[in-house]
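Trainee: Before I ask anything, here is the structure I am working with.
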Amino acid sequence: MESPPSAGAASPTVGKKKETRGRKPKPKPKDEQHTKTIKEGKKTPHQQHHQQHHHHQPSVDDKYTQWKSLVPVLYDWLANHNLVWPSLSCRWGPQLEQATYKNRQRLYLSEQTDGSVPNTLVIANCEVVKPRVAAAEHISQFNEEARSPFVKKYKTIIHPGEVNRIRELPQNSKIVATHTDSPDVLIWDVESQPNRHAVLGATNSRPDLVLTGHQDNAEFALAMCPTEPYVLSGGKDKTVVLWSIEDHITSSATDSKSGGSIVKSNSKSGEGNDKSADGPSVGPRGIYCGHDETVEDVTFCPSSAQEFCSVGDDSCLILWDARVGSSPAVKVEKAHNADLHCVDWNPHDVNLILTGSADHSVRMFDRRNLTSNGVGTPIHKFECHKAAVLCVQWSPDKASVFGSSAEDGLLNIWDYEKVGKKIERSGKSVSSPPGLFFQHAGHRDKVVDFHWNAQDPWTIVSVSDDCESTGGGGTLQIWRMSDLIYRPEEEVLAELEKFKSHVVACASKTEK
């Protein structure tokens, strides 16, 4: 069932990129020698060559080595999990149990393959170690080539096409939506779906529900509503489409066989026909037109199922209000000077919206004052990434904190309250970008997705697509920075002072 623990099952050559954005290089078929070498734990010629030429330039690997040496200081916990195939999305599912030293939680991932085996939606179980439990030397001693003992595959769903994005329903996180290269949104009840064996020629799993309404492929823009079982999507047809899963409620809530699922298929799941349309489908509540190019991301207002926003390749940020019709409520032209890839709405302060762009920056907008003469007027620009920003997300734990990940392999953690405050360290002022207070440099290729854990404060899961740097596969990391980094300074200093007096007391005892 489990794939072999290899560094990258694809060969070093990189496939053709997608047209709209450099997000999805296709993994190439494994060549047998390469796979055999990896299985036997030897270095491939590609890796040897890479190592021989390593000293010529300060490469990604040098930066990574430096980062790895700092892991015991920077992190309270870190788990590194090697993926044979890249995953373009990672999401936390429901928490399963709490124990003394760790909590168990579902994790949703995918396997984007080269076609030699089917594409899959993977449901894993993850052990999340609690704060101040992991020993520093333990978290730094991981092997890049290995699977983490903290992440175990629990169930595989054979997905009709690549999984570009996964989103869970906040009211019932065992219900997930997925985007693939098609106009449909697929809804899965992951607990009732049968576990499948991903072998070539296996029929696709059957979605519990198919949401129809897009006229062209909808690949990335996908969101679930925090207050109602609503789904929002954007696509190449330049539209934003809204559905209610409840528009397809059958007797499932009372039907004991279905386990009270929100969605219930008319036929048995997984007996599979390759056409996903054979599952039950539901049409949209609304179709919203206002973008001039592909819609790249969408998100709901945290406090209202009727308000949402979208961003696209037309450089626009659009706010919508379903109560007033299908035209934009506010259209922000030139929110950035390039394609917008991602957007997130602050769950603690509904006036604040973040956008991330191909112009390498993250911008923060206040919805009460979005534009000046139709052009976007962000209240702050966060600039530190060296490549396109692919994902932004507000922290569930502190209203002013958010993360951003990019094609430069970095996941930055920002606090807008720190903007404008000079950091003094031993008399010298430090010139780091305004608001940046932590940089996760554990990935060596583009960080395509990450997700804050709402159940375990300050814990993040992140995935990188490593096809270009290591020749295949991906890296999943689950990590939590040391609380000394984000707690109030006076509190931290007081704790360190106590620690210092304890050390001094111990030292004086040993001297006697």
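First residue shown is number 1, and so on along the chain.
In case you wondered, yes, glycine gets a Cβ from its N, Cα and C as well.
Keep in mind that TrEMBL annotations are predicted by a computer and have not been checked by a curator.
Note that the structure is a prediction, hence the values are computed from the model and not measured.
So TrEMBL says this about it:
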type	residues	note
COMPBIAS	28-43	compositional bias 'Basic and acidic residues'
COMPBIAS	252-270	compositional bias 'Polar residues'
DOMAIN	62-129	domain 'Histone-binding protein RBBP4-like N-terminal'
REPEAT	288-330	repeat 'WD'
REPEAT	333-366	repeat 'WD'
REPEAT	382-417	repeat 'WD'
Trainee: Kindly report the helix/strand/coil residue split of the repeat 'WD' (382-417) according to DSSP, in that order.
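Mentor: Summed over the repeat 'WD' (382-417), the classes give 2 helix, 19 strand, 15 coil.
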Trainee: Determine the mean pLDDT over the domain 'Histone-binding protein RBBP4-like N-terminal' (62-129), rounding to the nearest whole number.
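Mentor: Here the predicted model's pLDDT, averaged over the domain 'Histone-binding protein RBBP4-like N-terminal' (62-129), is 95.
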Trainee: Using DSSP, how many residues in the repeat 'WD' (333-366) fall into helix, strand and coil?
Mentor: 0 helix, 19 strand, 15 coil
Trainee: Per DSSP, what is the helix/strand/coil residue tally across the domain 'Histone-binding protein RBBP4-like N-terminal' (62-129)?
Mentor: 13 helix, 37 strand, 18 coil
Trainee: Provide the three-state DSSP residue tally for the repeat 'WD' (288-330): helix first, then strand, then coil.
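Mentor: Once the DSSP states are binned, the repeat 'WD' (288-330) shows 3 helix, 24 strand, 16 coil.
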